[in-house]
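Q: Below is the structure I would like to discuss, written out as structure tokens.
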């Protein structure tokens, strides 16, 4: 309402995001199914798009700008949510998927639980919605940076495994 948008128009943004998100999940799945496409890279691009979308919200002054931001944010969320299990299998392996997915879900839940009261507190302190969106964008950006380092950590951990994995010959004389 502070930007001159009525409640019905604002609630329609949620519908736009839902429809866009559903279509984008299917497209992200199709794209990452191609052999030359890295799911983690698509995820990282989506995190960057999400960061920029959140940071752009305070600068929106027209309904069409909000629609554009809502579409880009929905695409971003579709990417990193729908690709989570694929990326976790790539990073930690299928045998550790359940533990990794549980931890990921726990941290996402904690962020959702803490995010809303934190945003409300920041609004109460500043009487402006700008700071909560910039803090959210900063945290999203931190997630993007962290996610871009995942391939480096993956390569390092695989090197350690390879150097520690020593094959020993089977002593056939001691077999029964």
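Each Cβ is built from the backbone N, Cα and C atoms, and glycine gets one as well.
Dumping what TrEMBL says about this protein:
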TRANSMEM  12-32  transmembrane segment
TRANSMEM  39-59  transmembrane segment
TRANSMEM  65-89  transmembrane segment
TRANSMEM  101-119  transmembrane segment
TRANSMEM  131-153  transmembrane segment
Q: Using a Cβ distance cut-off of under 8 Å, indicate which of 12-32, 39-59, 101-119, 131-153 has the most pairs with the transmembrane segment (65-89).
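A: Counting Cβ pairs under 8 Å, the winner is 39-59.
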Q: Can you work out which residues elsewhere in the same chain, 6+ from the ends of the transmembrane segment (39-59), have a Cβ less than 8 Å from its Cβ atoms?
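A: The answer is 28, 31-32, 65-66, 69, 72-73, 75-80, 83-84, 86-87, 90-91, 129-130, 133-134, 136-137, 140-141, 143-144, 147-148, 150-151.
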